[in-house]
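Here the structure comes first, spelled out in structure tokens, and everything after it is commentary.
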Amino acid sequence: MSLQEKFDAAVEIIQKLPKTGPVATSNDQKLTFYSLFKQASIGDVNTDRPGIFSIIERKKWDSWKELEGVSQDEAKERYIKALNDMFDKIAEELDVAAWLEQIDPVIKTNLALIGK
């Protein structure tokens, strides 16, 4: 399986995660996944920094800007690793296999594709 296919599977997992419940991403995790996604998909920041009153957009832009110079492939690898690390931590407190039986089957399939 190619890096792009693994990355696409990882992105779909993040998009399909429930918004609430035992496996919900924190704001910091969301920011990490956002910036890695942008770097992996587009490359270096290609827009102006949002104004001071656009707090959320500015945080997102700053997080992406921090990845300047990271290759798109490296950003894809980091995205997948961040997702794997997140599930490793979740597995310390939750029966992930049982949880996976209760949610969108695509998540379980895609976790297998990225090596979980």
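From the backbone N, Cα and C atoms, a Cβ is placed for every residue, glycine too.
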*Same-site residue for acyl-CoA (record: Swiss-Prot; known: Tyr34, Ser35, Leu36, Phe37, Lys38, Tyr79; options: Lys16, Lys19, Lys60)*: Lys60
*When the domain 'ACB' (3-92) is classified with DSSP, how many of its residues are helical, how many are strand and how many are coil?*
60 helix, 0 strand, 30 coil
*Please compare the binding-site residues Lys38, Lys60 by how many other CB atoms fall within 10 Å of each one's CB, and tell me which has the fewest.*
Lys60
*Would you report the average pLDDT that the model assigns to the domain 'ACB' (3-92)?*
94
